[in-house]
Amino acid sequence: QICNQHNAEAPNLEQGFHRMAQAEPNLDHDISWFLLPSCWAKIVVALISFLCFANSYDGDFVFDDSEAIINNKDLRAETPLGDLWHHDFWGSKLSSNTSHKSYRPLTVLTFRINYLFAGGFYPVGFHVINIILHCTISVLMLDVFSILLGGLQFTNKGRRLNLAPKTSLLAALLFAVHPVHTECVAGIVGRADLLCALFFLLSFLGYCKAFRENKEGHNFSIFWVLVSVLLGAIAMLCKEQGITILGLNAVFDALVINKLNVLEFVQKLLHKDKLLESTGLLRKGLLFRITLLMSGGASILYIRWRIMGTGPPAFTEVDNPASFADSLFVRAINYNYYYSLNAWLLLCPWWLCFDWSMGCIPLIKSVSDWRIIALAALWFCLIGLICQALCSEDSYKRRILTLGLGFLIIPFLPASNLFFRVGFVVAERVIYLPSIGYCILFTYGFSLLSKQAKKKKILAMAVLGILLMNVVRCVLRSSQWRSEEQLFKSALSVCPLNAKVHYNVGKNLADKGNQSAAIKYYREAVRLNPKYVHAMNNLGNILKERNELREAEELLSLAVQIQPDFAAAWMNLGIVQNSLRRFEEAEQSYWTAIKHRKKYPDCYYNLGRLYADLNRHIDALNAWRNATVLKPEHSLAWNNMIILLDNTGNLAQAEAVGREALELIPNDHSLMFSLANVLGKSQKYKESEALFLKAIKANPNAASYHGNLAVLYHRWGNLDLAKKHYEVSLKLDPTAPGTKENYNLLRRKLEQLQKKGS
């Protein structure tokens, strides 16, 4: 039901609660909106927020999920829990030069719990937790908005009153269905933002509880202030933005609890009035509480700084080109343009992209660029709102606008490039918390329009239409986040100039075996960003596999020229040079790769293959042994050692290596096959037979497995079994080398035996 009536409970409660100040205007009087009991409002918000993102529950691991979850060793049981406190979000040591310094151990801990309960990397459990977190946060927003929009008042029994039930419901619904939140909910790595937001809100609500027994601002609970600081610290251990809640708590205290007029306060400060006595700051304990908040915040930041180390995170120009601009003017103008884009995503979240870097937003280099209009519009609106927030004679208006701007701007500050360089241009996930401020300002603007409008219900229907459009957009965007193919292709229309988008589409196609289409997208990525070494490396790899070795060499040589410490490109260049039979250059490339990445088992494996081609058997064995030391499950290196020792007649050593390999990788059928061949040559027929049969059970369609087992039976004298497996082998692969000849020999022998028998 859409109604204009104020909360019916309020008139009967006037004797039952104490006020922190005299009655103020209430937004609920002015708007035509749904009035629901508190429990029903929470159910509605939870259900609608669930509806928006429910279709992402069975999505894949996409984009950054691979690095943060699948390739993150901190999720596995064998990694000590203590390592989480010394590693960044991606599992790298914080002391490493390559670390992004994103310190979120509590988020990684939840990933680890997900992994352990699921028994592996099954994305459903990860997605379900994200959806539940967003629903929980959306429900909590009802309480938060009721305080921010309606004020903080309690009954004599300490129960908080909801003096803005309609406007808090509208604001919470706006938050719950905002499409810009899709990345945080449907993308599993968005768990960091969700957990941060959860403890961010709990810290705010905890701070409000400090005034439950408060009358006229005189009394407060130090316990709840300290709890609020602790919850802020937990929020920061989920994501860095969490620390900003301490500043917002201080702003809330000054504006709502102490009814501070900021402009009047500044004027008195400038005129050196008896400030503390006239404003009652000491009497009401504001300075003491702010001291607690700031001391707690400073301590948390110091501890984090000590853990992180003094070195800044390492980002490249493609991550954030404006921050690398030489001109201060270019940096400032582009930062402000990025702010305007973030504001536009809040206002019109229709064009969404998983990544906004790498040419997606070209730099503004002069004032003649038409995009300057966006900056002017942003600051025109901000300055207007700030003037109203400071200078309006309406204290309620000042409070709402200041709180709205505070929640919009303060949580965004860590992503603003003002204090340190960040590793992105625009990121939808970082406006999850600032969208709280947007919802406050939108709701207040709606109430002002409703106050002037004659047909309030038409205006309410328009807002309802916006909510419904946002729900549809959330559902559509969530479906795009279900798979990398849909996610990456959805970005082509939004950011056609983004080289990373083309790179990711190409990589996804290459992983599916569509090399021809992948080449097209990789070439476009390199065209858009001629220094995109990862695209060059991947394109060079595909060209190498298609035997287009000359172009592959050119691309990989250019990649290592641009980034001399790119170990993977050096290794791939070595593989190409080896194929071109330029062995000395290939060896040098392999060793350069190892120089830049000490623990590089795949490079040692390829180096061993080079040495094997050159008949440098000892060097080959040493290289493969290094590969298995660095990566004990490196099946190819173990296999090559066994085969080389077998081919050179070192059967005893080959057997020892084979048994060692199978102890480490007991279910690898290729190792069973290689060791079975060695045992057969050593006339250990029974053990060899058992391994062949086990390998065939694991991979029944391998023609060579049946063919070599047939050879074993042939030698052993089990001719009928030999005939059976020769026939299976030829059925699977009629062109199998040697199998047909061996089969014909066996048939002649069987015919001779039959003639003798007759």
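Heads up, the Cβ atoms here are built off N, Cα and C, so glycines get one too.
In TrEMBL, the feature transmembrane segment is placed on 286-305, out of the ranges 106-125, 286-305, 486-505, 566-585. When each of 163-182, 188-208, 372-391 is checked for Cβ pairs under 8 Å to the transmembrane segment (403-424), 372-391 comes out on top. Simply put, out of 31-53, 131-151, 220-237, 131-151 has the most Cβ pairs sitting under 8 Å from the transmembrane segment (430-449). Of the candidate ranges 31-53, 131-151, 188-208, 188-208 has the most C-beta pairs within less than 8 angstroms of the transmembrane segment (220-237). Same-chain residues lying 6+ beyond the ends of the transmembrane segment (188-208) with a Cβ under 8 Å from its Cβ atoms: 61, 63-65, 68-69, 89, 104, 106-107, 110-111, 123, 126-127, 129-130, 133-134, 136-137, 140-141, 143-144, 147, 152, 160, 224-225, 227-229, 231-232, 234-236, 238-239, 241-242, 244-246, 248-249, 252-253, 411, 429-430, 432-433. The residues of the repeat 'TPR' (533-566), classed with DSSP into helix (H, G, I), strand (E, B) and coil, number 27 helix, 0 strand, 7 coil.
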